[in-house]
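Undergrad: Okay, so TrEMBL annotates it like this:
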type: COMPBIAS; residues: 1-18; note: compositional bias 'Basic and acidic residues'
type: DOMAIN; residues: 1-66; note: domain 'STPR'
type: REGION; residues: 1-66; note: region 'Disordered'
type: COMPBIAS; residues: 31-42; note: compositional bias 'Basic and acidic residues'
type: COMPBIAS; residues: 51-64; note: compositional bias 'Basic and acidic residues'
Amino acid sequence: MAQRGQERRAEETEEQRNSRLAVMGQGSQQRRAEETEEERNSRLVIMAQRGQERRAEGTNEQRNSRLSAMLQHARERLLNVIEEQNHHQIQTFYTARTVLN
């Protein structure tokens, strides 16, 4: 039974796949829109527990990889902030120079 579903999905076009995924996404959105705050909190607690379990089961190599990715992301965010600050300083400099001339 599951094999037939896999075969059908392997044969479907990208358009059919996108349509199927869109329908699935709409169903999820509808269910979430109808859920109570208590149901939402319960769902989020379960998701957090699963994440903790996955991390607990992970090897040191997986943990190090995850931490490395987090560090890289933090460095990229910091670099973006610095670039924005530099851009602002350059704009301020040229604006002041234009006003003084």
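The backbone N, Cα and C atoms fix where each Cβ goes, and this holds for glycine too.
Describe the structural context of each listed feature in the structure shown, including burial, neighbouring residues and relevant distances.
TA: Residues of the compositional bias 'Basic and acidic residues' (1-18) grouped by DSSP class, helix first, strand second and coil last, total 15 helix, 0 strand, 3 coil.
Residues of the same chain lying 6 or more positions beyond the ends of the compositional bias 'Basic and acidic residues' (51-64) include none with a Cβ under 8 Å from any Cβ of it.
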Undergrad: For the compositional bias 'Basic and acidic residues' (1-18), find every same-chain residue at least 6 residues outside the stretch whose CB is under 8 Å from a CB in it, and list them.
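TA: Same-chain contacts beyond the ends: none.
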Undergrad: Take the compositional bias 'Basic and acidic residues' (51-64) and count its residues per DSSP category (helix H/G/I, strand E/B, coil), listing them in that order.
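TA: Computed counts for the compositional bias 'Basic and acidic residues' (51-64) are 12 helix, 0 strand, 2 coil.
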